[in-house]
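Chemist: Structure provided below as structure tokens; questions to follow.
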């Protein structure tokens with residue numbers, strides 16, 4: 001009997017251990033359970049004042065979410081690179097946009113605007129909304145998101161204690177993200193129907209961080225396909241949770257939890273490094289596209305003239321425009337012999353030589369002329385019987401003897 005009782009007690013203890021283990025696993029990790037209740041025990045000493053006073057209206061959450069997938073391949077999407085250098089690091093997804101120019105345009109028209117800011121985690125076949133908020137009755141003379149009304153601030157539940165908006169509400173701060181948080185994030189800002197896309201390629205080290213929460217962004221209940229977005233079936237209210245804390249208060253909590261877990265706060269958050277996305281080959285502005293554009297700008301031919309050449313499709317330049325023909329190669333490769341350039345010293349020497357030669361010829365001509373004339377005079381004197389002699393020589397006079 002005692003043996004049976006011991007066996008029953010052992011089974012009971014084992015069953016209790018299994019139950020406790022199941023509860024712990026259902027919470028995820030001990031750190032998750034700790035983080036879920038610690039807010040009741042510890043609080044930050046003070047919170048910053050609200051950035052702007054606004055009213056939350058739930059009805060704005062009833063609008064279907066537009067697709068984050070871009071069908072227009074020509075559309076320019078800003079791509080940023082964010083890399084964590086070590087585990088358990090706090091990183092920021094920050095990128096400037098041309099929102100200011102849009103707001104100035106709206107301010108010039110003296111009209112308010114509505115906006116929507118949504119963050120997505122892009123997966124291979126679907127996209128998961130992780131943060132969504134709508135803004136209404138916005139004054140374009142103020143900074144973005146300073147609006148009189150807004151929707152509930154919706155977050156993916158597992159990100160509430162590890163993510164928050166930056167001070168301008170355009171960036172995203174991740175505290176100690178796990179390796180599973182690596183990948184592509186897309187920020188979509190919609191202002192009066194105009195959409196601004198920004199991609200962030202995030203890399204997290206594979207080393208385990210003890211305070212990080214693993215994420216399952218591929219959950220089919222939240223990760224929606226392009227077809228679901230196109231049919232207007234995605235409503236973030238159905239699978240995202242409310243967290244209507246003002247931005248400053250949420251960021252204060254995030255930093256408090258991060259330091260409480262042993263993290264080191266960065267001194268400052270910097271804008272993510274930009275990456276030049278390559279142009280798709282089908283849209284490369286090559287020779288044929290320029291020729292096509294010129295053809296499109298031509299006027300219609302007059303009656304009796306041949307039809308113009310049809311427009312060329314956008315494509316890479318053909319090989320004949322990239323490499324010369326064989327005869328052109330021969331012409332280019334064939335060496336061209338040019339006479340050597342004459343230096344300045346050689347030109348001077350030649351000039352002097354020519355001058356001396358001319359002077360010599362003139363001198364010889366003068367000598368010949370004098371000699372011929374003297375010879376002619378002597379010959380004339382001989383014919384007259386007179387010989388001309390010098391009459392003086394060193395002040396001594398001589399007289400011709402008989």
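The backbone N, Cα and C atoms fix where each Cβ goes, and this holds for glycine too.
Taken from Swiss-Prot, the feature disulfide bond covers 88-209, 126-223, 138-147. Taken from Swiss-Prot, the feature region 'Disordered' covers 281-315. According to Swiss-Prot, the feature signal peptide maps to 1-30. The annotation topological domain 'Virion surface' is assigned in Swiss-Prot to 31-355 on the grounds of sequence analysis. What Swiss-Prot records for 373-402 is topological domain 'Intravirion'. Feature annotation from Swiss-Prot assigns transmembrane segment to 356-372.
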Chemist: I'd like the number of other C-beta atoms within 10 A of the C-beta of residue 223 (disulfide bond), please.
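Modeler: Taking all protein chains shown, residue 223 (disulfide bond) has 21 Cβ neighbours within 10 Å.
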Chemist: Return only the integer: C-alpha distance in Å from residue 147 (disulfide bond) to residue 223 (disulfide bond).
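Modeler: Approximately 30 Å lies between the Cα of residue 147 (disulfide bond) and that of residue 223 (disulfide bond).
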Chemist: Residue 209 (disulfide bond) to residue 126 (disulfide bond): how many Å between their Cα atoms?
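Modeler: Given the Cα positions, residue 209 (disulfide bond) is 27 Å from residue 126 (disulfide bond).
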Chemist: Helix, strand or coil by DSSP: which one applies to residue 138 (disulfide bond)?
Modeler: strand
Chemist: With Cβ-Cβ distance below 8 Å and at least 6 positions apart along the chain, what are the contacts of residue 126 (disulfide bond)? List them in sequence order.
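Modeler: In sequence order, 218, 220, 223, 224, 225, 226 meet the Cβ cut-off.
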Chemist: Rank the disulfide-bonded residues 138, 147 by the number of other Cβ atoms within 10 Å of each Cβ, and give the residue at the low end.
Modeler: 147
